[in-house]
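**Student:** First the structure, then my questions, so here it is.
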Amino acid sequence: MAGDNPENKDASMLDVSDAASNTTINGKHSADSTNEASLAYTFSQMNVDNPNELEPQHPLRHKSSLIFNDDDDDEIPPYSNHAENGSGETFDSDDDIDASSSSSIDSNEGDIHDADMTGNTLQKMDYQPSQQPDSLQNQGFQQQQEQQQGTVEGKKGRAMMFPVDITWQQGGNKVYVTGSFTGWRKMIGLVPVPGQPGLMHVKLQLPPGTHRFRFIVDNELRFSDYLPTATDQMGNFVNYMEVSAPPDWGNEPQQHLAEKKANHVDDSKLSKRPMSARSRIALEIEKEPDDMGDGYTRFHDETPAKPNLEYTQDIPAVFTDPNVMEQYYLTLDQQQNNHQNMAWLTPPQLPPHLENVILNSYSNAQTDNTSGALPIPNHVILNHLATSSIKHNTLCVASIVRYKQKYVTQILYTPLQ
């Protein structure tokens, strides 16, 4: 290689050979600063991208090349593939370029290249926070919309509540109230009324309906003698109250329904979610006029208006008019004399649901079941006294109670003298 013309020799091969010979003579490795500088300068002057420089040129396989394109804002390459020193290129182990020599480049052009790459990386990293995916924007809009809906529903729930003042005036130091409005699980403390000793009260927001409650006075369950009382299923005395809505409260649901419909249309316009074709057609149909042309109009299903019913205190004429009462009794006399089938004029002695006593009815299942179980009783005879027909000079008296899905019948047999 030394005998060839220096002009025809490849510059890269000459520099590499000289660097290798100098390393052999001096007994040193690639740590020599002079050889590293010349080797770095040689590689920096080589244009490996131009196919006219080196013939024949073998294509180099790059695993990944970092390319920054400011026009492409949708996709940002992951920063995990970037090198901290800003080189920005990784080569395959099968490439002809030595990785150790490429990492030792410290020339001015290498520094400029590193600075440019670092600047581009910082520019791209600074641009990243301003670029937000559409999914994050949609998620933020959905959360804001849900908060608005929760606020509207909370206002609606508060609009259905009415203030109720519960008072206690029968002494005690610590007074609490619990009831059906708290599920009988929480106690609400009463506060004394200023200027009125011995009087304690609490103001609650309750929905319309019947509410039962009891007081806890100094760790003792009590009920107030100044409030309406009733008994629960266990026979304990409780207080109750009826919370009724104002007369003009019935018109509010219609107004709220109209406002909800208008808000729903506005929300559909503001929503950025993709709508299906059927939904878009439905919205367009609602905006179109009812007159479709050629004598056709759009049909709207409307609920019929309820008739206005009023409660009266008028007594029927059969109880006040003597002529009507006389005619009624004459009809009864004719029925008794002629034995005609006019049973509709005579009221029954017992309601129809009480005529069939459970003690007198026998189920077909009793032929197979010898346990003596009775059929499921009617709900109207629960907690009532029932009697059976007299059989064998014995009278049966029974009482039926229910516990969840079980019925217990207690029967007492009394002999007749």
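For all residues, glycine too, the Cβ spot is worked out from N, Cα and C.
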**Student:** Test of record reading: of SER80, SER276, SER388, which one does Swiss-Prot tag as phosphoserine?
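**Tutor:** Of the listed residues, Swiss-Prot records phosphoserine for SER276.
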**Student:** According to Swiss-Prot, one residue among SER44, SER399 carries the annotation phosphoserine; which one is it?
**Tutor:** SER44
**Student:** From the set SER21, SER65, SER224, which residue is assigned the annotation phosphoserine by Swiss-Prot?
**Tutor:** SER21
**Student:** Look up SER12, SER17, SER244 in Swiss-Prot and give me whichever carries the note phosphoserine.
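**Tutor:** In Swiss-Prot, SER12 carries the phosphoserine label; others show none in the record.
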**Student:** Within a 10 Å radius of its Cβ, which of these modified residues (SER276, SER279) has the fewest neighbouring Cβ atoms?
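**Tutor:** Taking SER276, SER279 as the modified residues, the minimal 10 Å Cβ count falls on SER276.
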**Student:** State the three-class DSSP label for SER276 (phosphoserine), counting H, G and I as helix, E and B as strand, and everything else as coil.
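**Tutor:** For SER276 (phosphoserine) - judged by DSSP and reduced to three states - the answer is coil.
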